[in-house]
């Protein structure tokens, strides 16, 4: 047991050393694996039923013991049918010994380490692609390449080091924070500004309006502890403030510090940064604080969020998102000039916040005068206090009016509303979702249902009426309950007093669908009676401000919100809360490297926060749409984001800040992520070329670290700028960063899809986005934006956000020095859709899946998931045939199955040239990618052209990154050859399965054998004869062979294989599997004729079969 690896360490299958395949290893013969998707291999008989004997158990017990003692082996693999049949018993035995087990269709695996859901090394249908290019195309490409290589000796790709352009050390974003050092003579100016700030503050405080505002502020619980807070800050470097919702900590604590500094004539010398987890919080809080100080934004108080901000010469208190402060740390590790850092809402445990805390903890030792104030809305302050070495804690009680809680059983009892299997269905206006919900009783239990099952089973609800108990018995936890919410709103409006209503939902889909449902209601859709609003983090600024406005007299405000309204913002006039009890959050399955986006139950703390929103201005009521017993089963706190999301962006930031080893740095987190998640992130950054093998930033990685976006989007922008197609790539990168602009109203779904189809060509969701944006820009020039968006079911807000992000991304690229700001130079090839597709492939890699067609449709498969599906709103999801072999995709999400979002089809040439690194396979004309998952077979001269083009392209990109002044026109022959390949590759190749490569040692060993295809299991080809025969028949256009096996009187088995109206019988064998292999080997021996070389044999057999097929027709 001492040699076992830690459970969190997962070694990819192709990197493992000691696996026991079937317990009968044959060193030289290739191994045949099968998968769950091998539905074309015929097995005409079911496994014979048998019993599980004690002898089998004893045998496996010995094998497991040997595995545990063997330090080189990690797993045992069996393909025996009896082992698959008895897998449950064997798995139970393995578990008792501390082993992991998994059944992969026709393979069972027992391992020392956890096993993923899919293993490509056990799948004989992993992508193996035969690449075929027209001779004419190859000749033209080769001519360009030959000319290019002939000029390479005279080409100068680098200019002298002293003329290389230098990039600014402070980007446009960082200028918001930049505090340039002042000469000593300027100190007098700062003292004068400090006096001016003090005079201005005293004048406001003495005014009538200032006194009125002071009276309002003094009513807040936080104000009553002003002196103790300021004293604690002055006496400690770090303090933690735990303040209940409504206590005023977010608006008052930063003011206390600012007022104190200004009053002490240190105003101009102070710089206070207060981080908020969301942009809407930073903006709304800054506006409120400025208002309480009798100022306009941009005077002593300002804000900075992505894309916008307000800051003036005298701004001393700046509210910003956490990401903005992290950007500042890129150029200023010591936060020069900053006197106070306030991190608000730390209880939310966002990844950026946890990351920032690690950095600040290290910074405090270098900046002893820097003050750090951590603020939390929950009672977990001791966790943060202990992390900072026992920092002082101040508790501020909140003030809320009493709030009555009504759980689902109470709601049903007092309103007499009845739940049925049908009135709980939430109509999202999408056919697939509707159908899924209609089949709820037939579906397996979801995670939402599973986690509360025991609580529901234990509850008896005896004190409630039979009608309520019957309703509860058919309650479906997965539903939000749109119909019940509408009923509750009617009940509140008819029977309760005035006050706003805040409804907590899981995400934008819920918000938009429920809003559409309510807008057709005679009351809720009437703006003279109801002010119906949405609150979501991605909304535009002017929309967000509406939720804080007072409604007109006689109008009731109803706000549909996500968990953003729990603590980040306060809507003062809310008196009623409806809580669905769920939030949509991303979890991360590191073992399968798959993010999962599923609604999950909130924590008890979150439920309490939601309830507290109803008691800000008057006694309130909260309606929880779940039973009390379910609430009792909630976790106390939410899982930190750093433990449930992919870490590659965070790891890139760690390296860009020169924080040392990624694993070591993250081990210092408040709660460190599991080792496997860190390893997956590092592996991803190596695959995309951002890190080298020593985990140091590459040249590409340094550029990516300067771009505050997903690394794959940054890669696209960089290559788009280099290859001259930046404009469409700016649109793609911006479009993938905002909400999908294509709308699908529930009552106009067909019309919306028809409108989207106008933009959807070339089997690319990304290019459809480009065309929609370009149409919007043209409509903007003609002042017809509203009509354009209305007719094409496009979101004006999303398109505006894309437009803003495009400008920001262009500015960021300019700051890196890669472009000089002249759009014409970086858009010379902007109209080349095939080149744009190639750049998208470059950015999306390794998000790649194969497209394998069958008679009616096609199947998709990725390296880590096996079979996957497309989201229903994808253009490619509506296709029955995609004339490309590959799809690249932006992201995958596991809901029930794994779904791919935002895909673009691409050719073999595009993937080989713009995917990841390629390596030479085991023979000429064999190329590998992604650790051998992707295999390409082609003529050796074609492989040589691909390898040369790939090498030259990679060198050109590297040189351009090192020296942005490299003249791309000097490489026009290379670029012409590449454009020619990606535009004229007709995807004439085909997928093959079980394609085996014989290594030189094997070939020499075979030279003394009379037949290439041996009937013995130990001989080359014997283990794989069925696969070989199937490949030959498939190439010739036939269906797979059929095997018929009979048991002889001597207990041996004999198989007859049928294909092309031909029957061939094999020799009797000891078991059914061997008999089938022998029959297949006999068939291949019959087909191969007189050809001597292995590839000649295959060609001869294929020609023979095709001729026979033609003669038969």
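For all residues, glycine too, the Cβ spot is worked out from N, Cα and C.
Around residue 248 (ATP binding site), the C-beta neighbours below 8 angstroms that are at least 6 residues distant in the chain are 217, 220, 221, 222, 223. Residues annotated as ATP binding site in Swiss-Prot, with sequence analysis given as evidence: 243, 244, 245, 246, 247, 248, 249, 250.
Looking at the domain 'Helicase ATP-binding' (230-397) alone, the prediction's average pLDDT is 92. Residues or ranges marked as domain 'Helicase ATP-binding' by Swiss-Prot: 230-397.
Here Swiss-Prot flags 484-658 as domain 'Helicase C-terminal', drawing on sequence analysis.
Positions annotated as motif 'DEIH box' by Swiss-Prot, on the basis of a curator's inference: 344-347. Note: the motif 'DEIH box' (344-347) comprises 2 helix, 0 strand, 2 coil (DSSP; helix = H, G, I, strand = E, B).
Look at Swiss-Prot and you will find 1-33 tagged as transit peptide, backed by sequence analysis.
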For the recorded ATP site formed by 243, 244, 245, 246, 247, 248, 249, 250, which further same-chain residues have Cβ atoms within 8 Å of the site's Cβ center?
220, 221, 222, 377, 396, 398
Let's check the environment of residue 245 (ATP binding site): how many other CB atoms sit within 10 Å of its CB?
22
Tertiary neighbours of residue 244 (ATP binding site) (same chain, Cβ under 8 Å, six or more apart):
221, 377, 396, 397, 398, 400, 612
In sequence order, which residues at least six apart in the same chain have a CB under 8 Å from the CB of residue 250 (ATP binding site)?
281, 285, 344, 345, 375
Just to be sure I understand the packing, how many Cβ atoms besides its own are within 10 Å of the Cβ of residue 249 (ATP binding site)?
28
